[in-house]
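Trainee: Per TrEMBL, the features are:
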| type | residues | note |
| --- | --- | --- |
| DOMAIN | A:1-94 | domain 'FAD-binding FR-type' |
| BINDING | A:219, A:222, A:234 | [2Fe-2S] cluster binding site |
C-alpha cells in the first residue's frame with residue numbers, strides 16, 4: 001500500500017520523524033524539494049520538506065503547530081497518509097562552490113540535512129550551524145558529523161554557545177570567507193541571517209515556508225515578492241536569495257489565517273483531549 | 001409558422017439558492033423534456049450539430065426523447081460525447097449548438113443543453129451503462145497528463161478504441177477545472193465523480209497525486225509509452241500586480257475557487273481549509289470565472305461587488321451567468337479599474353483604490369478600449385478582493401519537457417490535430433489555446449485521440 005508510515009520517532013517535544021513508503025517520491029526527490037500531505041477526506045493540504053530518502057521511502061520531520069500537524073503527529077507506525085503529492089518545487093542548486101556555510105534552526109535542521117550531504121559530495125568545505133530554543137531542539141546532530149565544522153547554538157545556552165544563529169554566523173564571517181550560504185529555519189531567523197549575508201555581500205539561499213494550497217503553481221496563494229518580481233514559492237522556489245525577499249509582507253502573509261488556525265486547533269483538542277502524544 | 005414556446009427548466013428561487021452551494025438549475029422533469037423534444041423539427045441537414053464542437057447527432061438524440069426512448073437517446077449521445085452530464089450543464093450553448101438551431105429564425109432555439117443534461121442524468125439515476133468494452137485490445141500504451149476535460153475525453157476515446165491508457169493527475173481527484181474551478185451550484189461534484197468512475201470501468205488506469213515533470217521525467221514517459229497527450233490546462237493565475245498585491249485578503253480566483261470547490265472551505269471548521277470571508281468582497285473581472293467567484297462569495301454571506309473596467313456589454317461571461325449573479329444579489333460596478341490595494345498595519349486588505357474608465361475606439365478584440373478618466377479615483381472599502389483577470393500557462397510541466405515548442409504566450413504549439421513539435425507528443429485544451437471552454441477542450445481531446453489512433457495504426 002502507498003503512503004504507509006514505516007517508522008515514527010519522537011525527536012523533541014512536538015517534533016516527530018516519519019518515514020513514509022512512497023517510491024514515486026523517494027526515487028525522484030532531490031534536496032530542497034517538498035511534498036504535500038492530505039491526511040483524510042476533509043483535511044487540508046500541507047507542505048512538508050523532504051529531509052531524507054531511502055529506497056522506497058522518504059522522511060519528513062514535523063513540528064506540531066496547528067490542527068493538521070497535531071493530527072499528523074498523532075499517527076503511528078502502520079498508519080497511512082491519504083494523499084502524498086511530490087516531489088514538488090525546484091531542487092537546491094547544489095554544486096561546487098568552495099566554502100559553504102549552512103545554518104539550520106529548529107525543524108529547519110531537518111531541511112538542511114540533505115543539502116549538506118549533497119554539498120559534501122560535491123567536495124565543498126561545509127561549516128554547519130545548528131540552532132535551537134534549547135538543547136532538546138538540536139536534532140539530527142549525527143547527520144552532520146561529516147561536515148568540516150559543526151557549531152551548536154541555543155537561545156538559552158543549554159547546549160553549545162548561547163546565541164542566535166545569525167549572531168554566531170556574523171562571528172564566523174568575521175574570521176572566514178564563505179562563497180555561499182544556506183539558512184533554513186523560522187522566518188525570523190532566515191530574515192536575520194539574510195541581513196548578515198547582505199552586509200557581507202554574499203549570496204544566501206533561504207527556503208520559504210509560505211502558505212500553500214495546491215503546491216503546483218495554479219493558485220498563487222504562496223506568492224512572494226523577490227526583488228521587483230512576484231514569484232510563486234511552490235514552483236519558482238521554495239529557495240530564494242534571502243537578500244531579495246520582501247520579508248515584511250512574507251511574514252504578514254504567514255499570519256493571514258491565524259484566527260482560523262486557533263479555531264481549528266482548539267476544536268480538535270476539545271475532541272481528542274490533552275495532546276499527550278506530542 | 002407557429003412554434004410552441006421553449007419549455008424552461010426549473011430553477012431554484014434566487015433568495016433561497018444564494019445561501020447554499022446546491023445546484024441552481026434543477027433541469028427538466030420527464031414530461032417537460034418530452035414536450036421540449038417535440039419542438040425539434042428534425043432538420044434533414046441539422047445546423048445545430050455543426051455548432052457543436054464534438055458534432056453530436058443532436059436531432060438523433062432528441063428524437064428518441066420525444067419517443068420516450070431515453071436509453072436509446074443516451075446511446076446516441078454517448079457515441080459523440082463522453083461527458084454529457086457535464087457538457088449539458090456548463091457548455092455555452094447560446095454560442096454553439098443553440099445558436100445554430102433553425103428555430104432562432106422564428107422563435108427561441110431548442111433547449112439542447114438542458115435536454116442533453118436530462119438524458120445524462122436519467123442514465124446516471126437509472127444506472128444505465130453503455131456497452132463499454134472495446135471490440136479488440138490494441139497492444140499500445142498511451143499516457144495522458146492531466147485529468148481535466150481534454151484528458152478525460154482523450155482517455156475515454158482511446159480506451160474505447162482498445163488502447164491501454166494511463167492517466168496522470170497532480171490533484172487528489174480527477175476533473176481539473178470541473179472540480180476546482182466550476183462551483184458545486186453549477187456542476188455538482190458527484191456528477192464529475194460518476195463520469196470518472198465510468199472511465200475506470202473502461203479500464204483507464206488513473207494515477208492521482210503525480211506531478212509529471214517532477215515525479216516522472218518526460219524522458220521516462222517517452223520511453224514507456226507509444227504516445228503522450230498533454231492536457232494540463234492554463235492553470236497559473238495572472239495578477240494585475242498593482243501595489244498591495246501581497247496583502248492578506250487578496251486572492252486569485254483560482255485560489256479562492258480551489259479553496260471553496262476542491263477543499264470545501266465553506267464548511268470550515270468541519271473541513272480544515274480556511275478562507276477569508278469579509279463583509280464586503282470585491283471581484284475583479286468580467287468573465288465566467290469572475291461570476292463563479294462572485295456567486296461563491298455571496299454564498300459565504302458577503303456583500304459582493306463585481307468591478308469591471310469595461311461596460312456590461314463587453315463582459316465575456318455568459319449572459320445567463322450574469323443574470324443569475326444579479327438575481328442572487330451580486331452588484332456590478334462597471335467602467336472601473338483598481339489601481340492600488342490599501343492595507344492596515346497587519347498586512348490585511350482594507351480598501352481598493354479604483355479609477356473610473358470611459359470607452360474609446362474598438363481595439364484588436366473588437367471591444368471598445370477602456371481608458372482612465374483623470375482624477376476620478378475613489379476607494380471601495382473591502383477586506384477581500386478576488387482577481388479573475390485570466391491565466392497563464394502553468395510552467396510546472398512545460399519547464400521540464402525539453403524540446404517542446406511553445407508559442408509566444410508560452411502555450412504549447414500544436415496543430416488542429418493536437419500534434420506538437422515532438423513526434424509522440426500530442427496536446428490539447430487550454431494548454432494549447434489559453435483559457436477557453438470545457439467543450440472546446442473536449443473537442444481538442446477528441447481530435448487528438450483520432451490523430452493518435454491514426455498515428456499508431
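Quick reminder: no glycine exception, Cβ is built from N, Cα and C everywhere.
TrEMBL labels come from automatic prediction, so no person has curated them.
Could you place the listed features in the three-dimensional structure?
Mentor: Its own atom aside, the Cβ of residue A:222 ([2Fe-2S] cluster binding site) has 25 Cβ atoms within 10 angstroms in the protein chains shown.
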Trainee: Count the Cβ atoms, other than its own, that fall within 10 Å of the Cβ of residue A:234 ([2Fe-2S] cluster binding site), considering every protein chain shown.
Mentor: 28
Trainee: Using a 10 Å radius around its CB, how many other CB atoms surround residue A:219 ([2Fe-2S] cluster binding site)?
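Mentor: Other Cβ atoms within 10 Å of residue A:219 ([2Fe-2S] cluster binding site): 27.
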Trainee: Roughly where does the domain 'FAD-binding FR-type' (A:1-94) sit in mean pLDDT, to the nearest integer?
Mentor: 96
